[in-house]
Structures are given as C-alpha cells and as structure tokens.
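Visitor: For reference, Swiss-Prot lists these features for the protein:
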DNA_BIND  17-21  DNA-binding region
COMPBIAS  1-14  compositional bias 'Gly residues'
MOD_RES   Lys6  N6-acetyl-N6-methyllysine
MOD_RES   Lys6  N6-methyllysine
MOD_RES   Lys9  N6-methyllysine
MOD_RES   Lys13  N6-methyllysine
MOD_RES   Lys13  N6-acetyl-N6-methyllysine
MOD_RES   Lys92  N6-glutaryllysine
REGION    1-20  region 'Disordered'
Amino acid sequence: MTGRGKGGKGLGKGGAKRHRKILRDNIQGITKPAIRRLARRGGVKRISAMIYEETRGVLKSFLESVIRDAVTYTEHAKRKTVTSLDVVYALKRQGRTLYGFGG
C-alpha cells in the first residue's frame, strides 16, 4: 500500500498525454433553428433577430451555475465523474426540481 488512495498514479506511471482541442465559442453550436424550435415549443410565434444572442448568453450563464454546483457535489463525494444525481441535486439547490432521474 502506498497510501495514495484509489486511482492515484505513481511516479513514471502517467498515461499518454493527448492533444485536447481548445474549447472556445462553443455557444455558437446552439444554432438559430435550435433556439427557434425551443421557442415554438414554448408557444412563441414570431422571434426578434436580437433574441438569438441573448438566448445563448442566458443559456450559458444558467449552465455555468448548474455545472458549477454539480461539480461541487462530485468533488465533495471524491469522485471524478459527474453523475445524473449530481445534476439533479444541483438543480434542486437552485429551486428547479427535476423528476425522473432518481434522488
């Protein structure tokens, strides 16, 4: 026993380093038609052209807060994988209870 806990790597035992794509401006992946479909589902008939960027900004800030809370739950449990329950608890903490995923 080396006392490193579970999943620790010893010296010289590191895995191969992979090149990771730099993530930037991925919010543009939420396309105009996707936003339009969400609005249609919500009962919206006509959409102003300025709505799309505003929607992306609001969605980004919402997801940042939910993910921050979910990662906090994950780190507290000493895990490296965010589970669906972490997200459910993060949403519940923000007053947006989600049913159907346990918890």
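The backbone N, Cα and C atoms fix where each Cβ goes, glycine too.
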Visitor: Across the DNA-binding region (17-21), what does the pLDDT come to on average, as a whole number?
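Guide: Across the DNA-binding region (17-21), the average pLDDT comes out at 76.
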Visitor: Return the residues near the residue listed as 'N6-glutaryllysine' by Cβ distance under 8 Å, restricted to its own chain and a separation of at least 6 in sequence.
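Guide: Once residues fewer than 6 apart are set aside, the residue listed as 'N6-glutaryllysine' is near Leu98, Gly103.
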